[in-house]
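For reference, the structure is listed below as structure tokens.
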Amino acid sequence: MKIYLVGGAVRDSLLNIDVKDKDWVVVGSTPQEMGSLGYQTVGQDFPVFLHPKTKEEYALARTERKSGQGYKGFTCYAEPDVTLEEDLLRRDLTINAIAQADNGELIDPYNGQQDIIDRTLRHVSDAFTEDPLRVLRVARFAARFHHLGFTIAHETMNLMKVLVDSGELSHLTAERVWQEWQKSLSSQHPEIFLSTLKECGALAIVLPELNALFGVPQPEKWHPEIDSGIHTLMVAQQAALLSQDLPTRFAAQVHDLGKGVTPESEWPSHKLHCHTGIKLIKRLCDRVRVPNDYRDLALLVCEHHSNIHRAAELRAQTFIKIFDKMDVWRKPERLAPILLCCQADHAGRLGLETQPYPQKQRFEAAFDAAKMVEVKEVVAAGFKGQEIRDELNKRRIEAVKDKLDIK
């Protein structure tokens with residue numbers, strides 16, 4: 001029985017990245033032996049165990065043979081005669097197929113260390129094409145390590161395209177699609193996840209609403225980048241620079257979905273995209289099972305971003321109507337991420353990335369003024385029933401007028 005540290009922990013240590021989780025592979029053992037040593041069984045599809053003290057995962061070395069469709073269509077063999085090299089061979093990328101012995105020796109049969117030096121994401125073997133999830137995983141790693149200079153090997157991109165053409169991606173569950181997408185949101189360059197899926201053809205299958213944006217023009221006066229898909233990638237990048245919050249980053253990526261269904265006869269104008277986008281976001285979130293907090297923020301950004309961009313032109317009562325729809329009186333924490341998404345939208349335009357966005361400060365000032373008007377003051381003044389609501393609105397409008405010097 002031999003135990004090796006494998007996968008992400010070895011890779012990240014070689015990249016001088018803090019190691020958060022450790023995974024281990026056990027060669028030459030059985031489930032019975034692991035159980036007798038106090039390890040707890042947790043794997044349903046293949047033998048995985050939790051260490052009795054550290055609770056880290058220990059998996060028996062295994063091979064996998066394609067026996068069906070999708071990422072679950074595999075038959076596993078995890079007997080004591082499976083070698084470490086055979087276990088590493090089934091892994092997706094060479095940088096994830098390096099093991100470390102307890103004496104520190106690195107076992108690297110597929111040249112993962114060289115690919116780390118070369119900053120290359122490369123498949124281990126042609127068996128890569130047997131698992132459709134790997135297309136999304138490689139896209140996520142491309143996003144995660146983009147800031148370090150990693151790119152996808154040409155041969156690996158070709159295999160990703162083969163996987164897409166095979167139809168296997170249609171067997172991915174909503175949960176796995178969202179899991180990879182959500183993980184990509186935490187990277188420094190989440191836009192690379194989307195652009196990689198676009199390049200290999202997977203975006204049209206797993207996220208068709210986003211794919212539909214590419215090739216759709218916008219007015220060059222406001223969008224020098226013209227293409228709605230390119231704009232979306234730029235907004236995703238700007239959102240990542242502005243906020244670490246994942247729902248904010250998600251909302252920025254999907255805020256313009258309505259542009260993908262604008263009739264060609266109306267191009268490059270998209271006057272109704274804030275309304276048509278609502279339905280598309282709901283459909284996307286239902287299908288991919290996006291959490292409600294992500295969904296709710298995305299819907300608010302989609303509905304209101306065009307009006308927020310027009311902050312300098314808005315009447316005081318329009319500010320109050322928007323605040324009412326956002327329900328920021330009860331949920332004031334909503335306003336900041338909505339405005340950050342709008343700022344990212346504004347900055348996500350070719351050559352205009354550093355242009356100031358005073359609309360954000362104007363909305364913040366309007367809300368600060370309006371929320372100073374308290375219900376108890378209106379009630380104390382003798383108003384009752386519907387009168388309270390009407391007077392509250394009236395006072396809030398006046399407060400915004402005074403603060404923003406609106407005539």
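Cβ coordinates come from backbone N, Cα and C, glycine included.
Annotated in Swiss-Prot:
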BINDING   Gly8, Arg11, Arg91, Arg137, Arg140  CTP binding site
BINDING   Gly8, Arg11, Arg91, Arg137, Arg140  ATP binding site
BINDING   Asp21, Asp23  Mg(2+) binding site
DOMAIN    228-329  domain 'HD'
- prompt: Counting across all protein chains shown, how many other Cβ atoms sit within 10 Å of the Cβ of Gly8 (CTP binding site)?
  reply: 17
Field: Sparsest-packed of the listed binding-site residues (Arg11, Arg137) - C-beta count within 10 angstroms
entry: Arg137
Task: Between the Cα atoms of Arg137 (CTP binding site) and Asp23 (Mg(2+) binding site), find the distance and write it as a whole number of Å.
output: 17
- prompt: So how many of the residues in the domain 'HD' (228-329) end up helix, strand or coil by DSSP?
  reply: 80 helix, 0 strand, 22 coil
Message: Neighbour count, 10 Å Cβ-Cβ cut-off, for Arg91 (CTP binding site): what number do you get?
response: 21
Query: Per DSSP, Arg137 (CTP binding site) is which: helix, strand or coil?
result: helix
Field: Reduced DSSP assignment, Arg11 (CTP binding site)
entry: helix
Environment of Gly8, Arg11, Arg91, Arg137, Arg140, the listed ATP site - residues of the same chain whose CB lies within 8 A of the CB centroid: Gly7, Asp92, Leu93, Ile95, Asn96, Phe141
Query: List, in sequence order, the same-chain residues at least six positions removed whose CB sits under 8 Å from that of Asp23 (Mg(2+) binding site)?
result: Leu5, Val6, Gly7, Gly8, Ala9, Glu56, Glu57, Ala59
Message: Just to be sure I understand the packing, how many Cβ atoms besides its own are within 10 Å of the Cβ of Arg140 (CTP binding site)?
response: 24
- prompt: Taking Gly8, Arg11, Arg91, Arg137, Arg140 as the record's ATP-binding set, what's the max Cα pairwise distance in Å, rounded to a whole number?
  reply: 16
- request: Output, ordered by sequence, the same-chain residues six or more apart from Asp21 (Mg(2+) binding site) with a CB under 8 Å from its CB, or 'none'.
  value: Gly8, Ala9, Glu56
Message: Return the average pLDDT for the domain 'HD' (228-329) as a whole number.
response: 97
